[in-house]
Each structure stands twice: as C-alpha cells, then as structure tokens.
Amino acid sequence: RFCLPFMLASLPAMAAGEEITPALQDSWGDFWLFRFFVNAAGYASIVVPGFLLIQYFKRRNYLETGRGICFPVIKSCVFGSEVKSVHQDDGSLPPRAEPTESSTARQVLKLLFCAAGLQASYLTWGVLQERVMTRTYGATDTDPGEKFKDSQFLVFMNRILAFTVAGLYCALTKQPRHGAPMYKYSFASLSNILSSWCQYEALKYISFPTQVLAKASKVIPVMMMGKLVSRKSYEYWEYLTAALISVGVSMFLLSSAPNRTVSTVTTFSGIVLLAGYIIFDSFTSNWQDALFTYKMSPVQMMFGVNVFSCLFTVGSLLEQGALLESLHFMARHSEFTAHAMLLSVCSACGQLFIFYTINQFGAAVFTIIMTLRQAFAILLSCLIYGHTVTVVGGLGIAVVFMALFLRVYARSRMKKRSKKLPPGETPVQKV
C-alpha cells in the first residue's frame, strides 16, 4: 500500500530528470497532488449540498410558494433579482472620474500615488510570498528550522481580510442595487481559490521569476477561455502579441544557467502547477466578466467572491484539522505571523488600489503600471534571493515585456478608432 504514494511522489522528479526535492522528502502526504485532491474533496463537501439545495428550491418554485423569515435570504442566494444591465459597461466599472477642475500637478500627484501604492503593495506581496513558501522559520545553529507547508491557510488569510475590507467599503459607500444570485459567485470563488493555491504551491518547485513570466503569459489562455466561454473574437495584433509572449517565455524557460541550485530549478511539478494557476485564473476573469452583466460594482464583486472563498477555505481547513495546525505554527513563529498578516494586508490594499487607479486613469494606465511591477518583481527577487538569469533568459524577459507594452499601445489605438466609428458599427471585443 505504500508503493503507489511513493510512485506518485516521485513522478515529477523523474519526469524532470532530477532528484526528489526536499518538499517531497518529508512524506507522501505533503505531495502537492495529494493535497490538491484533499482540498478539492473539502470544497466538494460544501459545493455538492449547496448544489442540491439550489436545485430543490428551483424545482419547488420557491419564489411563488416560499414564505417566512428565511425567504429574503434564500431569494438573494438562489434567485437574486435577475435584472441584468442592458450594456455590460453599465455595471462592470464605475464611470471614470474626469479631471475637469483638477490641475495637471494634482493629476500627476494622483498618478504617482496610484503607481506607488500598486508597486508597494504587490512588490512587498511578491517578496513575502517567496519568503514564506521557500524559506524556513526558527532556524538556529543547531536546528535547521521548519517550513510552512499549507498554502490553503495563506489563501484563507488573504481572503478573510479582503472580505472584511470589501464589506466595510460596501457598507460605508453607496453601491448599485445588487441583483445577481449569490451562488453564482461561488464558481469564480472556487477557481480563484484553486489558482491562488497553485500559485503558492508552485513556489516550492520553481523560481519566482519563472512564476512572474508565467503570469505575464496568461493572456494566451485568457483568449482561449474568452472564445470558449464568451465567444469573443480578437484582432490580429492580439494573436501577434500572444505569440511573442509565448516565444519570450519559452526562451526564458529553456535557457540554462551553469550555477543553478535546487531552489531555482524549474521542475515538472512547478510547470503543472503553473498551468493549473493559469487555467483557473483565466476561468475566474471570464466568469467575472460574465457576472458583470448584472449591475454591480467591482467592490461588490470582490465581496461576493470572498464570501464564498472564506466559506470554502475555512470549511476545508477544519475538515482536515489544518486550521489548528497552522495556528500552532503561527504561535511558534512570530516572524511567520507578521509575514502572513502583512501578506494579507498587501493583497487587500492592492485590490483597492486597482479599483481606484482604473476609476481615475483607466485600464491602459493601470496595465502599464502593473507590467512595470512585474519587471521590478523579477529584478527584486533576483537581488534578494540570488536567482540567476542567463543572457538568453534576459532576452526572453525583454521579449515578453515588449509584447505586453505593444499590446497596451495597440489597444489604446483601437479604443481611439472605435470612438470615431459611425453609430451603427461596433468594434471587436477585447480581453
């Protein structure tokens, strides 16, 4: 009975032609594939009963027959108001603030504030993410220390703070009347949890620069998901930039450094986890895009998704007994507690900066800032954690970011052209 787990645990290392990494040496129970199925089983224990209840209320025609104190809650969760906006733009984003009476200096200060907030939030988040997942805590001269292994707990920490921040924001500010059935957020929530889990888990097997480049290349599966889920069509320049990104990422991944250590080796497990992250994240963005046909603000979307994220993660953690184990780890290592809390704060603040930046300056400016952030993140990770990048790998990084900036430029040109189109014509949809 021990042969099958051992073979499963050794598959990634054999496929990559490398020795088993320390993350797989502890026990087969720590192998990522086993943990993935255990987590998925925990989510299924909540999703399946919820699905059966939804089908039950719909078959009973509960809107006409239901009464009592639970009726408003069930109506909101299962049916909603079912009133969609005529145009997706009506509910997807609030109208961008126009700088009517603001001076140029004021706008520059706002832009610098947004850029600094986004860079500080996500650069700190990236550095801490790599620190938590790849380094030990409590190491001394005689004790090597221990690593934190439960990625799901970090996802839970991020989501509980994001849920709190979004809830307070919705309570203190005026929001559109909510009409979407609450259960529809659960699909984006589940894929968002799994993408975040894959993102954290992948750092046990690959370097942070590799992960950043993989995130930059997710535009390709997003386009594929857009065709499958939303039946979107794309311009020639979108296919061109997607191809350039693929070439750049391939150059980086296939380049070999002479002094690579185990921590910077790209393993088969890391590639699979990155693929999982990209697939789940692509589904999340497309499903949220479809949900915005209901009239809602981005903060309402953030609140709805994180409600289910907290429910799924805390339920799975309690079923596995991992919640208490992670809390005990926090009690043993105060440094980890500070890192986990700061990680959550950066994640929540970063989301608020995203909404504010898009509202003030539009999606193009936001994309440029975040593209620069990815480049800075690679540089910062190499400086702090000593990752090596070859000349070919550096050229690959340059190709990727050149394609990203080309994409932003082409999209802005297309938007200017679409404003000049005759009233009857509509431009091709973009991602």
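Glycine residues also receive a Cβ, built from the backbone N, Cα and C atoms like all the rest.
A TrEMBL annotation is a machine prediction, not a hand-curated record.
The annotation signal peptide is assigned in TrEMBL to 1-17. Taken from TrEMBL, the feature transmembrane segment covers 31-54, 108-128, 153-172, 236-255, 261-280, 301-318, 338-356, 363-386, 392-410.
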Which sequence-distant residues neighbour the transmembrane segment (301-318)? Criterion: at least 6 residues beyond either end, Cβ under 8 Å. 39, 42-43, 45-47, 150, 152-153, 155-156, 159-160, 162-163, 166-167, 169-170, 180, 182, 185-186, 188-190, 192-193, 288, 291-292, 326, 351
With the transmembrane segment (392-410) as the reference, find which of 108-128, 153-172, 236-255, 363-386 contributes the most Cβ pairs under 8 Å. 236-255
Does the transmembrane segment (363-386) reach the transmembrane segment (153-172), going by 3 or more CB pairs under 8 Å (6 or more apart in sequence)? no
The transmembrane segment (153-172) and the transmembrane segment (108-128) contact flag, 3+ Cβ pairs under 8 angstroms: no
